[in-house]
Amino acid sequence: MSPLLQLLQILGLREKYLSLVIFAQLSCDNLAIMHQFVVNYNALIRRGKFMLRQSGLVIVAIFSGLLLALMISVNAELAGTTSAFQASWIAHGVGGITAWLFYSVFKKNHARANRPEIKKQYWFGGIPGALTVVFASMTVQSYIGLTGTLALALIGQFLLSLILEHYGLLNQPKTKVTIANLLPTLFVAIGSILIIYGKVEM
């Protein structure tokens, strides 16, 4: 029995008043339970939306990997009929036109003054892209093949990502290199060797 009900009994109030107090107290308890349920429900909904956004980003990342494999394969075939450097020119020319079309459709009308200034070194981001097409076109046409090229490229991506994040280069958040970070690179390296060795044996 709650202290309030004990006090009412000590004061000698009638039973009907006790019933009203009990009803009021139960109603307050139910309201508190309902409020807590609503709070928990809203938190669950927010967490569900966050997980959906995270899952969407994972799907986008996987899809970008599929596009990367398709791009390397197509550019390698193009390099076989022209040259690696000409394939890079064609690929980035068509890619530039496509990017411009997407920009024209989805651009946001923000004032230029509100945008951060672009650092000079970021204007040279296309150079690694051009060299990627050239080098990948060479290796895909060799005994390494498409799967071997992609697997070995992953090793380079892992290693450079670890270096950039370890030292915080190119505005990346600093993340100390640990054994847990190095293990995926080791596994990918072993898998790449197995893929290439299997192709040679075949």
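From the backbone N, Cα and C atoms, a Cβ is placed for every residue, glycine too.
Remember, it's a predicted structure, so these values are computed and weren't measured experimentally.
The transmembrane segment feature in TrEMBL is assigned to 20-44 (among others).
Nonlocal intrachain contacts for the transmembrane segment (56-74), taken as residues 6+ away from its ends with a CB within less than 8 angstroms of a stretch CB, comprise 91, 133, 136-137, 140, 146, 149-150. Per TrEMBL, the feature transmembrane segment maps to 56-74 (among others).
Residues or ranges marked as transmembrane segment in TrEMBL: 86-106 (among others). Counting residues 6+ beyond its ends, the transmembrane segment (86-106) has Cβ neighbours under 8 Å at 71, 74-76, 78-79, 126, 129-131, 133-134, 137 in the same chain.
As annotated by TrEMBL, transmembrane segment applies to 122-144 (among others).
What TrEMBL records for 150-170 (among others) is transmembrane segment. Non-local neighbours of the transmembrane segment (150-170) in the same chain are 68-69, 72, 136, 139, 144, 176-177, 181-182, 184-185, 188-189, 191-192, 195-196; each lies 6+ residues outside the stretch with a CB under 8 Å from one of its CB atoms.
The annotation transmembrane segment is assigned in TrEMBL to 177-197 (among others). Outside the transmembrane segment (177-197), and at least 6 residues removed from its termini, the chain residues within Cβ reach (under 8 Å) are 143-145, 147-148, 151-152, 154-155, 158-159, 162, 165-166.
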